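Student: According to TrEMBL, the substrate binding site annotation covers Pro5. The feature heme b binding site is assigned by TrEMBL to His35. The feature Ca(2+) binding site is assigned by TrEMBL to Asp87, Thr90, Asp105. The annotation disulfide bond is assigned in TrEMBL to Cys42-Cys74. The domain 'Plant heme peroxidase family profile' annotation in TrEMBL covers 1-178.
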Amino acid sequence: MAEIPRPNGNISETLRLLSLRGFDDRETVALLGAHNIGRIGCQLIRPRLSNFTGTGLSDPTIPPDFLEELRQKCPDDNNTISNMLNDEHTDTARGLSVSIRTSLDNHYYKTLMRGRGLLFDDQQLMANEKTAAAVTDYAIDDGIIFRTQFAHAMAKMSNIGVLTGSKGEVRHSCSHLNS
């Protein structure tokens with residue numbers, strides 16, 4: 001786990017950890033685009049809302065309107081943001097996109113440009129000159145460049161630490177061991 005970037009980590013640490021695995025800044029930005037889909041647990045967001053880095057205050061990088069929206073969507077008794085958002089076509093849902101999208105597109109990057117990243121690590125992409133340039137490139141693209149570079153980075157990632165011989169196996173079904 002020490003080799004995996006943390007959702008509350010800073011961009012320098014994320015870039016460092018992925019560079020140790022051979023990824024450059026742009027490939028790292030592409031890989032983080034996977035946050036465009038799926039769900040995110042409120043337990044990963046709540047510290048940004050009320051006790052950022054142990055200060056007892058909210059993350060100062062969150063725009064006030066988005067902070068209020070996150071607090072409403074992720075109260076103390078809620079487990080996942082996506083449970084509260086069902087329609088990805090509403091303005092509110094699109095503002096919280098990374099928790100509810102089902103397709104891999106460039107919407108994640110558009111939300112980062114508006115300061116609406118759910119995870120601190122994601123939003124920090126805009127605080128670094130090189131990664132912010134990649135975010136901008138992906139945000140203004142129609143999604144083709146992002147998907148192509150994401151696929152390349154994922155293929156590269158799939159070659160990391162492959163276990164072979166008696167130490168591993170290529171599964172016929174990912175969810176089951178071969179018999």
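Cβ atoms are placed via backbone N, Cα and C, with glycine included.
Predicted automatically and left uncurated, TrEMBL annotations should be read as such.
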Student: I'd like to confirm something. Which of the recorded positions, Pro5, His35, Cys74, has a Cα closest to the Cα of Asp105 (Ca(2+) binding site)?
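Tutor: Closest candidate to Asp105 (Ca(2+) binding site), judged by Cα separation, is His35.
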Student: Using a 10 angstroms cut-off on Cβ to Cβ distances, just flag whichever of Cys42, Cys74 is the loneliest among these disulfide-bonded residues.
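Tutor: Comparing Cβ neighbour counts within 10 Å for the disulfide-bonded residues Cys42, Cys74 gives Cys42.
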Student: Near the Cβ of the residue listed as 'substrate binding site', how many other Cβ atoms are there if near means within 10 Å?
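Tutor: Taking every protein chain into account, the count is 19.
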Student: List the Cα distance (Å, whole number) between Cys74 (disulfide bond) and the residue listed as 'heme b binding site'.
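Tutor: Taking the Cα atoms only, Cys74 (disulfide bond) lies 18 Å from the residue listed as 'heme b binding site'.
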Student: Using the structure shown, find which entry in His35, Asp105 (the binding-site residues) has the sparsest Cβ neighbourhood within 10 Å.
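Tutor: Least crowded of the binding-site residues His35, Asp105, by Cβ count within 10 Å, is Asp105.
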Student: Measuring Cα to Cα, tell me the gap between His35 (heme b binding site) and the residue listed as 'substrate binding site' in whole angstrom.
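Tutor: So the Cα of the residue listed as 'substrate binding site' lies 13 Å away from that of His35 (heme b binding site).
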Student: If you measure Cys42 (disulfide bond) to Pro5 (substrate binding site) at Cα, how many Å is it?
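Tutor: If we compare the Cα positions of Cys42 (disulfide bond) and Pro5 (substrate binding site), the gap is 18 Å.
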